[in-house]
Amino acid sequence: MLKIIIPTALLIPSSLLLKPKTLFLMMTLYSMLLALLSLSLFNQPLLLELSNTTTYFSTDPSSTPLIILSCWLLPLMILASQNHLKTEPLNRKRMFLMTLTILQTTLIMTFAASEFILFYILFETTLIPTLIIITRWGNQIERLSAGLYFLFYTLASSLPLLIALLHLHSTNLSSSMKLFFLYQPSIPPTQTNQIFWLSCLLAFMVKLPLYGFHLWLPKAHVEAPIAGSMVLAAILLKLGGYGLIRISPLLYPHPPTLMFPIMVMALWGILMTSSICLRQTDLKALIAYSSVSHMGLVAAAIITQTPWGMTGAMILMIAHGLTSSALFTLANTNYERTHTRTLLLVRGLQLALPLMSSWWLLINLTNMAMPPSINLMGELLIITTLFNWSPWSIILTGIGTLITASYSLYMFLMTQRGSISTQFRLYPPTHTREHLTLILHLLPLGLLILKPTLISGLFM
C-alpha cells in the first residue's frame, strides 16, 4: 500500500519545488505514472480477502477500485485546471497543486484504512483541502456560503459517528474492520441501539448525499472550481457509499422502523431530484442534482444488504464517478468560452465546437445508462435487488430511469442544438488537452465492461 501512498505524498514537495516552466507538465506526468502504478492493485489473489496489508492500511476488493479511481483522477484534475489557473501568479498555482495532492493522499489513505477510528480521522481530514479549494479558487462570492454549508453539514453529521465508534471501541476493545467482519457484534433491538444505528449511518448519508440531506451539494458543486467539482462528484460522494458498505455489517439486523424511512427517502429522492433536473437553468446545478439521484440508488442498494445490491452499488459508484466528472469537465469547457452557466444562453454549440458535441452525446448516453456502459450493469443489478426486496419499487426506479433519460437528452439538446446566441460569435477552438481529459474519462468506462469483476467488489 505504501508504494502508492509515499509517492503521492512526495508530490506535495514536488509541487513547491519544480521549475515554473515544467510545473504542470511534470505534475501531470508524475501523477499519471502513479495512476498507472495503482492499476497493479487490481492484480490481487482472489482467495485472500486482504492484500497489501500493514498495521493500519490494507486493500480488499471493495476498496481497491475506489483507490484506483482516486489515483486516476489526479492527472485529469491537473489537466482540466490549467486554463483556470492561467492568470494566477506562480505561488498560487503551487498552492493549488499542493492542496490537490494533499487531498489525493488523504483520500487514498481513507479508502485504505483498516481501523474504524483511523478511517474516521482521515474521513474528516479530506474536508479541509476540499474546503480550501472551494472557498479560495471558486468563481463567485457565494463560494463562502457554499463552503460553510459543506463544513457544517459534514461536521454536524459526523459527530454522532465519532461517539458511536468510540463506544464500539470501548465495548469491543478494538476498531479493526476485519475483526468486526469475522466477529459480528449482535445489536439487540432496543431504543438506544436504534439511536446507535442512526448515528453510525447519518454521516455517510449526508456525504452520499441522501435526498433530504443534499442541500450542501448543489451549492458546493456550483461554486467550486473545475478540479473541486471533479473530486467532489467522482470521489468525495463515494466516501459516503464506501463508509456505508464498511459499517453496515456491524449493524445487523437493521431496525425496520429506521430502515424503511431511509429506503423511502432514497427511492423518492431519485424521482424528486430527477424532476428538479428537468427544470434546472444552471448547467452545473443540473449535473449536481443528477448525482444526488444516482446516489439514491446506491444508498437503497447498500441498505438491502444483499450480494447483488452491494455489487451493483460498487459498479454504479465507479461508473458514476467517471461519468459525472466528465460532465463537469464538459460544462467547464463551455464556461471557459462563454463565462455563463445558464442553459438558455449556452446553446447551438454544435455549430461552433462540433467535436465537443460528439463528446457531449457520448457522455450523456453513458449518464442515462445506455448499453454497453457499466452504468447500465450497475443500475440493472440495483433495480433487480430492489424489485426482489419489494416489487412495488420497480415503479419508482422505472420512472426514475425514464426521467434520467429525459433530462440527459434535455441537457444535450439545450447546449448543442438551436441557434448560437448573438452575444457569442467567436469561440476559441477546443484544445487537445480537453479532448485528452475526456478520452481518459471514457476509456476506463469502455474497457471495464469487458471485465466488470475488477470493480464488482466480489460480493457475489
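Each Cβ is built from the backbone N, Cα and C atoms, and glycine gets one as well.
Applying DSSP to the domain 'NADH:ubiquinone oxidoreductase chain 4 N-terminal' (1-110) sorts its residues as follows: 78 helix, 3 strand, 29 coil. Annotation comment: TrEMBL describes 1-110 as domain 'NADH:ubiquinone oxidoreductase chain 4 N-terminal'.
Under the heading domain 'NADH:quinone oxidoreductase/Mrp antiporter transmembrane', TrEMBL lists 113-404.
Within the chain, the transmembrane segment (23-42) has long-range Cβ neighbours (under 8 A, six or more residues past its boundaries) at 3-4, 7-8, 11, 14-15, 52, 59, 64, 67-68, 71-72, 74-75, 78-79, 82, 90, 93-94, 97, 101, 104, 454. If you look up TrEMBL, you'll see 23-42 (among others) marked as transmembrane segment.
A Cβ distance under 8 Å defines the sequence-distant neighbours of the transmembrane segment (62-82), meaning residues of its chain 6+ beyond its ends; these are 4, 8, 24, 27-28, 31-32, 34-35, 37-39, 41-42, 44, 96-97, 100-101, 104, 107-108, 111-112, 225-227, 230-231, 234-235, 238, 242, 245-246, 310, 314, 317-318, 321-322, 325, 329, 332, 433-434, 436-437, 440-441, 444, 454-455, 457-459. According to TrEMBL, the feature transmembrane segment maps to 62-82 (among others).
Summarising the annotation, TrEMBL assigns transmembrane segment to 94-111 (among others).
Annotated transmembrane segment per TrEMBL: 117-134 (among others), in sequence order.
Marked as transmembrane segment by TrEMBL: 146-168 (among others). Packing against the transmembrane segment (146-168) from elsewhere in the chain are residues 116-117, 120, 123-124, 127, 130-131, 134-135, 138, 175, 185, 196, 198-200, 202-207, 213, 215-216, 219-220, 222-224, 250: each is 6 or more residues past its ends and has a CB under 8 Å from a CB in it.
Annotated transmembrane segment per TrEMBL: 195-217 (among others), in sequence order.
Feature annotation from TrEMBL assigns transmembrane segment to 224-245 (among others). Residues 62-63, 66, 69-70, 73, 76-78, 80-81, 84, 96, 100, 103, 107, 110-111, 119, 123, 126, 130, 133-134, 137-139, 143, 146, 201, 203-209, 217, 284, 287-288, 291, 295, 298-299, 302-303, 310, 313-314, 317, 320-322, 324-325, 327-329, 331-332, 457 of the same chain, all 6+ positions outside the transmembrane segment (224-245), place their C-beta atoms under 8 angstroms from a C-beta of that stretch.
The annotation transmembrane segment is assigned in TrEMBL to 257-278 (among others). Within the chain, the transmembrane segment (257-278) has long-range Cβ neighbours (under 8 A, six or more residues past its boundaries) at 194, 197-198, 201, 205, 210-212, 214, 286, 289-290, 292-293, 296-297, 299-300, 303, 386, 393, 396-397, 399-400, 403-404, 406-407, 410.
Under the heading transmembrane segment, TrEMBL lists 285-304 (among others).
Residues 62, 65-66, 69, 73, 76, 80, 221, 226, 229-230, 233-235, 237-238, 241-242, 245, 283-284, 287, 290-291, 294-295, 297-298, 301-302, 341, 356, 359-360, 363-364, 366-367, 373-375, 377-382, 384-385, 434, 437-438, 441-442, 444-445, 448, 452, 455-457, 459-460 of the same chain lie 6+ residues outside the transmembrane segment (310-331) yet bring a C-beta within less than 8 angstroms of a C-beta in it. As annotated by TrEMBL, transmembrane segment applies to 310-331 (among others).
Here TrEMBL flags 343-363 (among others) as transmembrane segment.
Sequence-remote contacts of a segment are chain residues at least 6 beyond its ends whose Cβ falls under 8 Å from one of its Cβ atoms, and for the transmembrane segment (394-415) they are 267-268, 270-271, 274-275, 277-278, 280, 283, 286-287, 290, 293, 297, 334, 343-344, 346-347, 349, 360-361, 364-365, 367-369, 379, 382-383, 386-387. Feature annotation from TrEMBL assigns transmembrane segment to 394-415 (among others).
Per-residue pLDDT, averaged over the domain 'NADH:ubiquinone oxidoreductase chain 4 N-terminal' (1-110), rounds to 92. Within the chain, the transmembrane segment (94-111) has long-range Cβ neighbours (under 8 A, six or more residues past its boundaries) at 4-5, 8-9, 11-12, 14-16, 23, 27, 31, 57, 63, 66-67, 70-71, 74, 77-78, 81, 85, 88, 119, 122-123, 125-126, 129-130, 132-133, 137, 227, 231, 235-236, 239, 242.
When Cβ-Cβ distances below 8 Å are used as the criterion, the transmembrane segment (195-217) is approached by residues 123, 146, 149-150, 153-154, 157-158, 160-161, 163-165, 167, 187, 232, 236-237, 239-241, 243-244, 247, 250-251, 254-255, 258, 262, 265-266, 268-270, 272-273, 288, 291-292, 295-296, 298-299 of the same chain, each at least six residues removed from its ends.
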